[in-house]
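Written out below as C-alpha coordinates is the structure these notes cover.
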Amino acid sequence: MEILDGKKISNQIKDEIAVEVAQIKERGEKVPHLAAVLVGNDGASLTYVGSKVRSCRKIGFDSTLVHLPEETTEEELLAQVEALNANKDIDGYIVQLPLPKHIDEQKVLMAVHPDKDVDGFHPTNFGKMALDMQSFIPATPFGIMELLRRYNVETEGKHTVVIGRSHIVGRPISILMSQKGKAANSTVTLTHSRTKDIKELTLQADIIVSALGVPNFLKADMVKDNVVVIDVGITRVPDDTRERGYYITGDVDFENVGKKASFITPVPGGVGPMTIAMLLKNTLLARERHRMNK
Ligand code: GUN
(Lines of atoms letter the chains of each structure in order from A and count residues from 1; the text may use other names and numbers.)
(Lines give C-alpha, C1' and ligand atoms only; values in the text may rest on other atoms or scores of the structure.)
Protein backbone atom coordinates (compact mmCIF):
# COMPACT_ATOMS: atom_id res chain seq x y z
CA MET A 1 0.00 0.00 0.00
CA GLU A 2 1.28 3.45 -0.89
CA ILE A 3 0.07 6.63 0.80
CA LEU A 4 -1.00 9.40 -1.56
CA ASP A 5 0.72 12.12 0.45
CA GLY A 6 -1.27 15.29 -0.18
CA LYS A 7 0.79 17.26 2.30
CA LYS A 8 4.03 16.47 0.47
CA ILE A 9 2.62 17.06 -3.02
CA SER A 10 0.84 20.26 -1.99
CA ASN A 11 4.14 21.56 -0.61
CA GLN A 12 5.83 20.74 -3.92
CA ILE A 13 3.11 22.64 -5.80
CA LYS A 14 3.35 25.60 -3.43
CA ASP A 15 7.14 25.64 -3.87
CA GLU A 16 6.68 25.67 -7.65
CA ILE A 17 4.22 28.57 -7.36
CA ALA A 18 6.58 30.43 -5.00
CA VAL A 19 9.34 30.20 -7.64
CA GLU A 20 6.98 31.77 -10.19
CA VAL A 21 6.02 34.50 -7.74
CA ALA A 22 9.69 35.28 -7.13
CA GLN A 23 10.19 35.63 -10.91
CA ILE A 24 7.14 37.89 -11.16
CA LYS A 25 8.60 40.10 -8.44
CA GLU A 26 11.99 40.15 -10.14
CA ARG A 27 10.33 41.46 -13.28
CA GLY A 28 8.77 44.19 -11.15
CA GLU A 29 5.23 43.01 -11.88
CA LYS A 30 2.28 42.83 -9.54
CA VAL A 31 2.07 39.54 -7.61
CA PRO A 32 -1.16 37.46 -7.64
CA HIS A 33 -3.79 38.66 -5.18
CA LEU A 34 -6.45 36.33 -3.71
CA ALA A 35 -9.36 37.57 -1.62
CA ALA A 36 -11.67 35.49 0.54
CA VAL A 37 -15.11 36.51 1.78
CA LEU A 38 -16.28 34.92 5.00
CA VAL A 39 -19.71 35.62 6.46
CA GLY A 40 -20.21 34.71 10.12
CA ASN A 41 -18.05 32.66 12.46
CA ASP A 42 -18.50 28.99 11.51
CA GLY A 43 -15.56 27.19 13.14
CA ALA A 44 -14.58 25.02 10.18
CA SER A 45 -14.89 27.93 7.73
CA LEU A 46 -12.69 30.13 9.94
CA THR A 47 -10.05 27.39 9.94
CA TYR A 48 -10.19 26.89 6.15
CA VAL A 49 -10.11 30.58 5.32
CA GLY A 50 -7.32 31.22 7.82
CA SER A 51 -5.32 28.45 6.21
CA LYS A 52 -5.90 29.84 2.71
CA VAL A 53 -4.77 33.34 3.75
CA ARG A 54 -1.66 31.98 5.53
CA SER A 55 -0.71 29.92 2.47
CA CYS A 56 -0.97 33.05 0.29
CA ARG A 57 1.43 34.95 2.55
CA LYS A 58 3.88 32.03 2.61
CA ILE A 59 4.22 31.80 -1.16
CA GLY A 60 4.32 35.56 -1.71
CA PHE A 61 0.77 36.28 -2.92
CA ASP A 62 -1.14 39.30 -1.70
CA SER A 63 -4.25 38.29 0.20
CA THR A 64 -7.31 40.05 1.55
CA LEU A 65 -9.80 38.64 4.01
CA VAL A 66 -13.24 40.24 3.95
CA HIS A 67 -14.83 39.05 7.18
CA LEU A 68 -18.48 40.09 7.48
CA PRO A 69 -20.83 39.60 10.44
CA GLU A 70 -23.41 36.81 10.54
CA GLU A 71 -26.23 39.39 10.18
CA THR A 72 -24.92 40.66 6.82
CA THR A 73 -27.84 40.93 4.39
CA GLU A 74 -27.87 39.41 0.93
CA GLU A 75 -27.80 42.93 -0.57
CA GLU A 76 -24.74 43.86 1.47
CA LEU A 77 -22.94 40.70 0.44
CA LEU A 78 -23.85 41.22 -3.22
CA ALA A 79 -22.47 44.78 -2.96
CA GLN A 80 -19.23 43.35 -1.57
CA VAL A 81 -19.05 40.88 -4.46
CA GLU A 82 -19.57 43.69 -6.96
CA ALA A 83 -16.78 45.66 -5.30
CA LEU A 84 -14.42 42.67 -5.64
CA ASN A 85 -15.44 42.22 -9.29
CA ALA A 86 -14.53 45.87 -9.93
CA ASN A 87 -11.30 45.86 -7.91
CA LYS A 88 -8.51 45.67 -10.50
CA ASP A 89 -5.93 44.73 -7.89
CA ILE A 90 -7.64 41.42 -7.07
CA ASP A 91 -7.03 38.53 -9.47
CA GLY A 92 -9.41 36.05 -7.92
CA TYR A 93 -11.60 35.55 -4.89
CA ILE A 94 -13.76 33.01 -3.14
CA VAL A 95 -16.92 33.29 -1.10
CA GLN A 96 -16.51 30.69 1.61
CA LEU A 97 -19.45 28.28 1.90
CA PRO A 98 -21.74 27.60 3.64
CA LEU A 99 -23.37 31.04 3.83
CA PRO A 100 -25.90 31.90 6.57
CA LYS A 101 -29.37 30.54 5.82
CA HIS A 102 -30.93 33.95 5.10
CA ILE A 103 -28.63 34.40 2.08
CA ASP A 104 -29.33 32.75 -1.28
CA GLU A 105 -26.05 30.96 -2.00
CA GLN A 106 -26.78 30.46 -5.68
CA LYS A 107 -27.55 34.14 -6.20
CA VAL A 108 -24.22 35.10 -4.64
CA LEU A 109 -22.17 32.56 -6.62
CA MET A 110 -23.86 33.75 -9.83
CA ALA A 111 -22.70 37.30 -9.06
CA VAL A 112 -19.01 36.38 -8.90
CA HIS A 113 -17.34 37.40 -12.17
CA PRO A 114 -16.34 34.15 -13.95
CA ASP A 115 -12.85 35.53 -14.68
CA LYS A 116 -12.26 35.93 -10.91
CA ASP A 117 -14.08 32.77 -9.85
CA VAL A 118 -11.05 30.78 -8.69
CA ASP A 119 -13.38 28.32 -6.90
CA GLY A 120 -14.88 27.40 -10.30
CA PHE A 121 -18.41 27.49 -8.88
CA HIS A 122 -19.96 29.90 -11.43
CA PRO A 123 -22.13 28.14 -14.06
CA THR A 124 -19.91 29.58 -16.80
CA ASN A 125 -16.86 27.86 -15.36
CA PHE A 126 -18.72 24.69 -14.48
CA GLY A 127 -20.14 24.50 -18.01
CA LYS A 128 -16.76 25.14 -19.61
CA MET A 129 -15.18 22.49 -17.38
CA ALA A 130 -17.83 19.98 -18.47
CA LEU A 131 -17.07 20.82 -22.12
CA ASP A 132 -13.31 20.51 -21.54
CA MET A 133 -12.77 24.20 -22.34
CA GLN A 134 -10.39 26.52 -20.47
CA SER A 135 -11.99 27.33 -17.10
CA PHE A 136 -11.31 27.32 -13.40
CA ILE A 137 -11.66 23.78 -12.06
CA PRO A 138 -12.99 23.59 -8.48
CA ALA A 139 -10.00 23.21 -6.17
CA THR A 140 -10.90 19.89 -4.53
CA PRO A 141 -11.47 17.85 -7.71
CA PHE A 142 -8.51 19.69 -9.33
CA GLY A 143 -6.41 18.59 -6.33
CA ILE A 144 -7.53 14.97 -6.63
CA MET A 145 -6.62 14.91 -10.34
CA GLU A 146 -3.21 16.45 -9.63
CA LEU A 147 -2.52 13.93 -6.83
CA LEU A 148 -3.38 11.02 -9.18
CA ARG A 149 -1.20 12.54 -11.93
CA ARG A 150 1.84 13.09 -9.72
CA TYR A 151 1.72 9.52 -8.37
CA ASN A 152 1.16 8.17 -11.92
CA VAL A 153 -1.92 6.28 -10.77
CA GLU A 154 -3.33 4.39 -13.76
CA THR A 155 -6.92 5.55 -14.38
CA GLU A 156 -7.38 4.80 -18.09
CA GLY A 157 -10.06 2.18 -18.66
CA LYS A 158 -10.49 1.74 -14.91
CA HIS A 159 -13.83 1.75 -13.16
CA THR A 160 -14.09 4.75 -10.84
CA VAL A 161 -16.94 4.85 -8.32
CA VAL A 162 -17.66 8.30 -6.89
CA ILE A 163 -19.70 8.46 -3.68
CA GLY A 164 -21.61 11.73 -3.31
CA ARG A 165 -23.02 14.09 -5.95
CA SER A 166 -22.21 17.53 -4.43
CA HIS A 167 -21.60 20.45 -6.78
CA ILE A 168 -18.20 21.01 -5.13
CA VAL A 169 -16.72 17.50 -5.34
CA GLY A 170 -18.75 14.47 -6.47
CA ARG A 171 -20.33 15.93 -9.59
CA PRO A 172 -17.22 17.69 -10.96
CA ILE A 173 -14.80 14.80 -10.22
CA SER A 174 -17.16 12.40 -12.02
CA ILE A 175 -17.04 14.65 -15.08
CA LEU A 176 -13.27 15.19 -14.96
CA MET A 177 -12.36 11.53 -14.57
CA SER A 178 -14.52 10.51 -17.51
CA GLN A 179 -12.86 13.06 -19.81
CA LYS A 180 -9.84 12.47 -22.04
CA GLY A 181 -6.38 13.04 -20.58
CA LYS A 182 -3.99 12.06 -17.82
CA ALA A 183 -5.60 10.80 -14.58
CA ALA A 184 -8.82 10.49 -16.61
CA ASN A 185 -10.24 8.22 -19.37
CA SER A 186 -11.98 6.36 -16.60
CA THR A 187 -15.39 4.69 -16.64
CA VAL A 188 -17.28 6.53 -13.92
CA THR A 189 -20.24 5.54 -11.77
CA LEU A 190 -21.68 8.39 -9.68
CA THR A 191 -23.45 7.09 -6.57
CA HIS A 192 -25.49 9.01 -3.99
CA SER A 193 -28.07 8.72 -1.22
CA ARG A 194 -30.67 7.15 -3.56
CA THR A 195 -28.30 4.54 -4.99
CA LYS A 196 -29.78 1.10 -4.32
CA ASP A 197 -26.73 -0.98 -3.40
CA ILE A 198 -23.54 1.05 -3.05
CA LYS A 199 -21.54 -1.95 -1.82
CA GLU A 200 -22.32 -3.90 -4.99
CA LEU A 201 -20.80 -1.02 -6.95
CA THR A 202 -17.80 -0.27 -4.71
CA LEU A 203 -16.86 -3.97 -4.89
CA GLN A 204 -16.48 -3.52 -8.66
CA ALA A 205 -14.42 -0.33 -8.33
CA ASP A 206 -10.75 0.02 -9.28
CA ILE A 207 -10.82 3.56 -7.88
CA ILE A 208 -13.16 4.96 -5.21
CA VAL A 209 -13.61 8.67 -4.52
CA SER A 210 -15.62 9.10 -1.34
CA ALA A 211 -17.06 12.58 -0.76
CA LEU A 212 -19.86 11.87 1.66
CA GLY A 213 -18.88 13.26 5.07
CA VAL A 214 -19.86 10.12 7.01
CA PRO A 215 -17.05 8.75 9.23
CA ASN A 216 -16.18 5.08 8.70
CA PHE A 217 -18.61 4.73 5.80
CA LEU A 218 -16.26 2.81 3.49
CA LYS A 219 -15.23 -0.45 5.13
CA ALA A 220 -12.85 -3.22 4.08
CA ASP A 221 -15.66 -5.60 3.04
CA MET A 222 -16.85 -2.98 0.51
CA VAL A 223 -13.64 -2.89 -1.57
CA LYS A 224 -11.64 -5.29 -3.68
CA ASP A 225 -7.90 -5.91 -3.43
CA ASN A 226 -5.60 -3.27 -4.91
CA VAL A 227 -8.28 -0.59 -4.95
CA VAL A 228 -7.22 3.09 -5.12
CA VAL A 229 -9.03 5.07 -2.42
CA ILE A 230 -9.45 8.86 -2.37
CA ASP A 231 -11.04 10.02 0.89
CA VAL A 232 -12.54 13.50 0.60
CA GLY A 233 -14.48 13.36 3.87
CA ILE A 234 -13.56 15.90 6.54
CA THR A 235 -15.73 15.39 9.62
CA ARG A 236 -15.08 16.95 13.04
CA VAL A 237 -15.77 14.36 15.71
CA PRO A 238 -16.19 15.77 19.26
CA ASP A 239 -13.39 14.52 21.55
CA ASP A 240 -12.85 16.02 25.01
CA THR A 241 -9.45 14.38 25.38
CA ARG A 242 -8.04 16.70 22.71
CA GLU A 243 -7.16 20.30 23.31
CA ARG A 244 -9.23 21.44 20.32
CA GLY A 245 -12.22 19.41 21.54
CA TYR A 246 -12.49 17.39 18.30
CA TYR A 247 -10.54 15.32 15.84
CA ILE A 248 -10.79 15.18 12.05
CA THR A 249 -11.72 11.98 10.26
CA GLY A 250 -12.54 10.93 6.72
CA ASP A 251 -15.17 8.61 5.20
CA VAL A 252 -12.88 5.58 5.11
CA ASP A 253 -11.92 2.95 7.70
CA PHE A 254 -8.31 3.77 6.89
CA GLU A 255 -6.70 1.00 8.93
CA ASN A 256 -8.60 -1.88 7.36
CA VAL A 257 -9.27 -0.52 3.88
CA GLY A 258 -5.59 0.47 3.75
CA LYS A 259 -4.60 -3.20 4.06
CA LYS A 260 -6.36 -3.98 0.76
CA ALA A 261 -5.59 -0.77 -1.13
CA SER A 262 -2.80 -0.13 -3.63
CA PHE A 263 -2.99 3.64 -2.99
CA ILE A 264 -4.91 5.54 -0.32
CA THR A 265 -5.16 9.14 0.89
CA PRO A 266 -4.95 9.80 4.64
CA VAL A 267 -7.19 12.23 6.51
CA PRO A 268 -5.81 14.66 7.48
CA GLY A 269 -2.93 15.11 5.04
CA GLY A 270 -4.52 13.83 1.84
CA VAL A 271 -7.01 15.78 -0.27
CA GLY A 272 -7.35 18.73 2.19
CA PRO A 273 -3.92 20.31 1.62
CA MET A 274 -4.24 19.69 -2.14
CA THR A 275 -7.38 21.84 -2.21
CA ILE A 276 -5.50 24.86 -0.90
CA ALA A 277 -2.57 24.33 -3.29
CA MET A 278 -4.94 24.20 -6.28
CA LEU A 279 -6.78 27.34 -5.17
CA LEU A 280 -3.42 29.10 -5.25
CA LYS A 281 -2.72 27.57 -8.67
CA ASN A 282 -6.07 28.89 -9.94
CA THR A 283 -5.20 32.35 -8.62
CA LEU A 284 -1.89 32.27 -10.49
CA LEU A 285 -3.78 31.18 -13.63
CA ALA A 286 -6.31 34.00 -13.12
CA ARG A 287 -3.49 36.55 -13.01
CA GLU A 288 -1.95 35.15 -16.21
CA ARG A 289 -5.29 35.13 -18.03
CA HIS A 290 -6.06 38.72 -16.99
CA ARG A 291 -2.69 39.85 -18.30
CA MET A 292 -3.18 38.02 -21.61
CA ASN A 293 -6.61 39.58 -22.09
CA LYS A 294 -5.50 43.14 -21.36
N1 GUN B 1 -16.65 25.20 1.64
C2 GUN B 1 -16.21 23.93 1.61
N3 GUN B 1 -15.35 23.76 0.59
C4 GUN B 1 -15.26 24.95 -0.03
C5 GUN B 1 -14.51 25.41 -1.15
O6 GUN B 1 -13.77 24.67 -1.81
N7 GUN B 1 -14.66 26.71 -1.46
C8 GUN B 1 -15.48 27.54 -0.78
N9 GUN B 1 -15.59 28.79 -1.18
N10 GUN B 1 -16.19 27.14 0.24
C11 GUN B 1 -16.06 25.85 0.63
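Keep in mind that glycine also has a Cβ here, set from the backbone N, Cα and C atoms.
Whatever TrEMBL says is automated annotation, not expert-curated.
If you check TrEMBL, you get these features:
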DOMAIN    4-119  domain 'Tetrahydrofolate dehydrogenase/cyclohydrolase catalytic'
DOMAIN    138-290  domain 'Tetrahydrofolate dehydrogenase/cyclohydrolase NAD(P)-binding'
BINDING   GLY164, ARG165, SER166, ILE234  NADP(+) binding site
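Broken down by DSSP into helix, strand and coil, the domain 'Tetrahydrofolate dehydrogenase/cyclohydrolase catalytic' (4-119) contains 61 helix, 19 strand, 36 coil.
Among the residues the record lists as binding NADP(+), namely GLY164, ARG165, SER166, ILE234, the two farthest apart have Cα atoms separated by 16 Å. Listed binding-site residues: GLY164, ARG165, SER166, ILE234; maximum Cβ neighbour count within 10 Å falls on GLY164.
Classification of SER166 (NADP(+) binding site) by DSSP places it in coil, neither helical nor stranded.
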